[in-house]
Amino acid sequence: MKGKLFYLGLIVMFVLSAVGHFAHWDMTVQFILSAIAVIFVAGFLGKATESVAHYAGDRVGGFLNATFGNAAELIIAFFLIKEGLFETVKASITGSIIGNLLLVLGLSLFSGGLKFKEQSFNARLGEHNSTLMIMAVIALFVPAVFVGAEHFTVKKDQTLSLIVAGILIVSYLLWLVFSMITHKDMLADKEMKPDHEEEPLWSKGKSVLFLVVATVMVAFVSEWLVHTLDTFTHKFGLSELFVGAFVVAIVGNAAEHSAAVLLALKNKIGGAVEIAIGSSLQIALFVAPVLIFVSAFMGNTMDIVFTPIELTALGVSVFIASSVSRDGRTNWYEGFLLLMVYLILGVAFFLV
Amino acid sequence: MKGKLFYLGLIVMFVLSAVGHFAHWDMTVQFILSAIAVIFVAGFLGKATESVAHYAGDRVGGFLNATFGNAAELIIAFFLIKEGLFETVKASITGSIIGNLLLVLGLSLFSGGLKFKEQSFNARLGEHNSTLMIMAVIALFVPAVFVGAEHFTVKKDQTLSLIVAGILIVSYLLWLVFSMITHKDMLADKEMKPDHEEEPLWSKGKSVLFLVVATVMVAFVSEWLVHTLDTFTHKFGLSELFVGAFVVAIVGNAAEHSAAVLLALKNKIGGAVEIAIGSSLQIALFVAPVLIFVSAFMGNTMDIVFTPIELTALGVSVFIASSVSRDGRTNWYEGFLLLMVYLILGVAFFLV
Amino acid sequence: MKGKLFYLGLIVMFVLSAVGHFAHWDMTVQFILSAIAVIFVAGFLGKATESVAHYAGDRVGGFLNATFGNAAELIIAFFLIKEGLFETVKASITGSIIGNLLLVLGLSLFSGGLKFKEQSFNARLGEHNSTLMIMAVIALFVPAVFVGAEHFTVKKDQTLSLIVAGILIVSYLLWLVFSMITHKDMLADKEMKPDHEEEPLWSKGKSVLFLVVATVMVAFVSEWLVHTLDTFTHKFGLSELFVGAFVVAIVGNAAEHSAAVLLALKNKIGGAVEIAIGSSLQIALFVAPVLIFVSAFMGNTMDIVFTPIELTALGVSVFIASSVSRDGRTNWYEGFLLLMVYLILGVAFFLV
């Protein structure tokens, strides 16, 4: 029944936001409709991915999660790049990463910690996650410092951005090899396989079909949402940065949010950490670099240089998330601190 | 007898600095007298707090320590804020934090390490302390970057400062709940309860009375000391920053210094770490934010934006203190390194 | 036979680069000849040091390694300082440190990790190495921030540089005392004594003689190499920074590179870490400060202020190397990540 309501909501919201878009309804109404629709289609995409993963096995399933999990963000960003809104893309990448590291992880540890005194997961995974987060910060920080300090030409800036993007993509693909093939057992953890306890929702064929359908729906709804942002931003006097980094990011990660908190409440904190940190690593090491290449193929290369305040937000998020999760032991207070850092950043971005 | 000499010194120095102040003695003489008097009254306040803690039990005792332990600093800062000397307040907050993290902790680990090959304390506490230190640095670093990069108006600057201050106070209060109520046992450590082995000095009634008396004395002597600082600074050609960050901070933390070193020499390194890091956390997460609110109530809101060199000093102190203490194992060389970082910062501040 | 070929190469390359230098051959040819000769003489110096260490025992051996191991770098830098090329000296110090932390350590962990699933060494050593790396970064970072933010006079800049240099030298000497005398056993690890398994190459007398001969040869070849750098840099349009930080650094560390990788392949990862991180610590805490004093004795004090991009390179290298090695467990993917960070920095420096 809960399922039926979900699909009803999915279809209603999708149709409503489509009608709103094509009938040129009031922009605020359009924004609200498509923002809600994004939550439903992201959830649908999540279910479809999980179901496919059930049939394809852990390794391929993990890879599919890695490929489809952040589809909403990738597709939203694609349309923003087409419109040349590079700054909004970077703001939303920033928002997505810090949203996962602080809000999703924070809510999970906090709610899980209220129920269980201490929750733990594989400490080796905690250490590798920390190192990868540091890698991501380095890859974003180095170009910003060099381009800023040495007044690089646009050409040099783009060359550096493409090379760094290539390095990140290779690093991410090898991380999949390392964590899912060569050292899978070392990073394993009972709590990390929550996907396969329940019966799959659909047959193999249906799962693949729904995965395709969901991806297409995400693509449409995301484009409608992006179209409303400009007006919306002006209407409420919000900075583009705040909308990109907080509003879009919270909406785009809705599926991760609920899944991670539910796992934490089942004492499967390893799974929650995997979703929260894993998703942010995927955006930093895979989605963002892919967008650089996409922009290059479209003839106007987006560079990898983030603004000082974006780098600050990313850097502090990585620091505190790494300090909290490195040891593989978590509690409610650590989750609370992550939420407080998110709040500080949110207020600071709002005031810009 | 040692006790009697202390009380004689306390009364003599208090009276001398009072006479010096009201009779307008030479400013250098006034400074020296009140600086020595501060050491005595801080010591008296420390004894009174401990004695009250004995009767009130561990939890309330910890809270009282948290409330009265940094009373001297809070009161000194209060008078500085009344005179609008915001820069001196921030310099002394900076000095207090780095003095605790580098000088107090460094001396404790060094002297304890010369006597014992390796000393250890609860590693979970080491990890939480590190995370809280990082939280404090983030809360000071984020406003500085945003206000600097985005040219915030004074109004926005103050709004951000008040919100961040509120978040820090809530975080600190919940840290007390976490570390003293919900997860007290997990962070416990035999060496961490040094206060209750000896007989209390005074009866319950006397303890409370002396606590009040000591706090009043600290308030007076601190104000007299602050009055002399300006002249003193000019006379010796010292920068306001150096005086605030090193002279005032060393004087104001005299009580912590001796207590922490004594605990380390008794192989109670957990207690020494608690005093040194705990005190610096209290200043960063509670005293500094309270001062922001105090200034707001007095009609002239002090912002939370520290200078680049203060942030550098705070950042490097937190990094090295976190690296040294996170694992819960210490030795003389780690203490020595902390002292060397303090020396580097001291020389750099002196040369400004 | 392998040995005989080495000595033949040593003598031939030394003579060739001498002839090239004194007969004023083409500068590119001179550069190539002396660069190859440096590899041979550095290798010779390494063998001589090891052999002396065999007779002198572990402690003195360690000290000799500490004194002679980085002789090539020290001597190259000495001639650069004589010519007033302070920026090139700092670039080569930067390059040497990041080369050891990223390239040498990265290659070792990567190649060792391909052969062994997980390699481990003493975690206490990992922690102390991390703390010392942070100490080094602090000592270079603090002067840069203070000199930059406060517009220090040249006099103050030099005073601060000399004091910081003195503090670093004392810290390094006490680290030798700590790690080789007072806490030698605590930091020990079976894999850390690879030098003494094989028979020494030479008798005691010959070892000392060869050590002196090798040091003299390194001195000559290094000077010849330095003389060619200017022309070479212009010819290929490479920035002085790139040459100093990557070309010179890779050449100057050739001996460490091969030794560390060989140890890693023998599953003696502790030895490889000791060479890679130990060598970079020696440069940061001993070689660089000694060069400051050398320049002062020569009448023109080099300051300790590095450029923002050098500090960035040093900071990120320390962060990732610390995150990878702190826990005393390594694998191929961690080595790969270090190599990728080296690549990012190399590209960025090349584009400057």
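Just so it is clear, glycine is given a Cβ too, placed from its N, Cα and C backbone atoms.
Sequence annotations record features per position, and here TrEMBL assigns domain 'Sodium/calcium exchanger membrane region' to A:28-180 (among others).
Among the features that TrEMBL reports, domain 'Sodium/calcium exchanger membrane region' is placed at A:207-349 (among others).
The transmembrane segment annotation in TrEMBL covers A:5-23 (among others).
The transmembrane segment feature in TrEMBL is assigned to A:29-48 (among others).
What TrEMBL records for A:60-81 (among others) is transmembrane segment.
Beyond its flanks by at least six residues, the transmembrane segment (A:93-110) meets 70, 73, 77, 119, 133, 136, 244-246, 248-250, 252-253, 256-257, 260-261, 263-264, 269, 272-273, 275-277, 279-280, 283-284, 287-288, 291, 306, 310, 313-314, 317-318, 320-321, 324-325, 330-332, 334-339, 341-342, 345 of its own chain at Cβ-Cβ distances under 8 Å. Among the features that TrEMBL reports, transmembrane segment is placed at A:93-110 (among others).
The transmembrane segment annotation in TrEMBL covers A:131-149 (among others). Same-chain neighbours of the transmembrane segment (A:131-149): 97, 101, 156-157, 160-161, 164, 167-168, 171, 175, 277, 280-281, 284-285, 303-306, 308, 311, 314-315, 318, 321-322, counting only residues six or more beyond its ends whose CB sits under 8 Å from a CB of the stretch.
Residues or ranges marked as transmembrane segment by TrEMBL: A:161-181 (among others). Panel annotation: around the transmembrane segment (A:161-181), residues 58-59, 62-63, 66, 125, 128, 132, 135-136, 139, 142-143, 187, 281-282, 284-286, 288-290, 292-293, 296, 301-305 of the same chain, lying at least six beyond its termini, place a Cβ under 8 Å from a Cβ of the stretch.
The transmembrane segment feature in TrEMBL is assigned to A:201-221 (among others).
Annotated transmembrane segment per TrEMBL: A:241-265 (among others), in sequence order.
The transmembrane segment annotation in TrEMBL covers A:277-298 (among others).
What TrEMBL records for A:304-325 (among others) is transmembrane segment. Counting only same-chain residues 6+ beyond the ends of the transmembrane segment (A:304-325), those with a CB under 8 A from a CB of the stretch are 90-91, 94, 97-98, 101-102, 105, 109, 126, 129-130, 133-134, 136-137, 139-141, 143-144, 147-148, 157, 160-161, 164-165, 241, 245, 273, 277, 288-289, 292, 334, 337-338, 341, 345, 348-349, 352.
Same-chain neighbours of the transmembrane segment (A:332-351): 98-99, 101-103, 105-114, 238-239, 241-242, 245-246, 309, 313, 316-317, 320-321, 324, counting only residues six or more beyond its ends whose CB sits under 8 Å from a CB of the stretch. Per TrEMBL, transmembrane segment is recorded for A:332-351 (among others).
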DSSP-assigned states of the domain 'Sodium/calcium exchanger membrane region' (A:207-349) in counts, ordered helix, strand, coil: 119 helix, 2 strand, 22 coil
